[in-house]
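TrEMBL lists 9-51 with the feature domain 'ATP-grasp'. The ATP binding site annotation in TrEMBL covers 42, 49, 50, 51, 98, 103. Annotation comment: TrEMBL describes 195, 209 as Mg(2+) binding site. The substrate binding site feature in TrEMBL is assigned to 260.
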């Protein structure tokens, strides 16, 4: 689950991280008289790269602020992260303008390899970390931190030295990192970043922008986080999938995918790409999928008008293939599916599942294996090269 910049800053402040004062505006709000100029007006959407898209502006007067706000409210910002559809601006954050000397990147991620957290940092702040990794990977500093040891002063000292920071910034960086660590662990975050983390000309560390995402599986233990969700920012299909207990991410292709298991789902998408197709989504129905959940998955896939074909790839370990087959056939009949449905079943009760598909009389297209299923999906509805 993603949240806005202003919400991320509010959470960081609760954990002792010094964040700049800010004023949040919605479309119906009047601009407060006490705003100090110059200030920065920032569109609040779930995306980086807002500045390049015209969503971050410096204003020097009340008139400039009113003009900029009028232009930004309701506009659709298109960034590298939003894709071509973009995001509509419904909220604006006003923050004081600072005289910036240097910008850095600072982020935290789970370290699955070592069972701890991973600090990512770079002296190239203001850029998207994906872009830095792609263009200048040697400029990213990575520092694993064991959960048994926790964050220590030497971690902070090594970090500041690697970034070329003055030793006078050590205490500020320690406060920021300790707050980020506590927040990350206590709120089940999947990513936290400050970008840019700015050094001002008068020697202060300034939290210029912040981004936090939460592990969806951990949100159940933090009901207070659900109030941070912005329905304007959520894909309608992703919301419905979350309510149904499905792991769904909308993509930009034409091949609807329904798979059990995240690893198999990613392998399926890779294979489709390899044959020249483009998946329309990531959809993991889970190992304990029921007939009802499979039907709900079909409803979500069919609500995407871009989908020309549906590929179902089931490996029956926990889930039985005959149950999956009944769910597929029930959905195809009840929903009146008119696009091709290609099904690969393997594992527990696979033969029974295949028999049910063969004898159903419905136009479900069986596939002998995963490779054949991917090829057929591209043939029936993909965009093969």
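The backbone N, Cα and C atoms fix where each Cβ goes, glycine too.
TrEMBL entries are annotated by machine, without manual review.
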Determine how many residues of the domain 'ATP-grasp' (9-51) DSSP places in helix, in strand and in coil.
6 helix, 9 strand, 28 coil
Cα separation, residue 98 (ATP binding site) to residue 209 (Mg(2+) binding site) (Å, whole number)
13
Out of 42, 50, 98, 103, 260, point to the one nearest residue 195 (Mg(2+) binding site) in space (Cα versus Cα); all of them are binding-site residues in the record.
103
Conformational class of residue 98 (ATP binding site) under the three-state DSSP mapping:
coil
Which residues does residue 103 (ATP binding site) neighbour through Cβ under 8 Å, counting only same-chain ones at least six apart?
124, 125, 126, 196, 197, 198, 199, 208
Mean predicted confidence [pLDDT] for the domain 'ATP-grasp' (9-51)
92
Near residue 260 (substrate binding site), which residues of its chain come within a Cβ-Cβ distance under 8 Å, counting only those 6 or more away in sequence?
284, 285, 286, 287, 289, 313, 314, 315, 319, 324
Site of maximum Cβ density within 10 Å, from binding-site residues 98, 209
209
At a 10 Å cut-off from the C-beta of residue 195 (Mg(2+) binding site), count the other C-beta atoms across all protein chains.
25
How many angstrom lie between the most widely spaced Cα atoms of the ATP binders 42, 49, 50, 51, 98, 103?
19
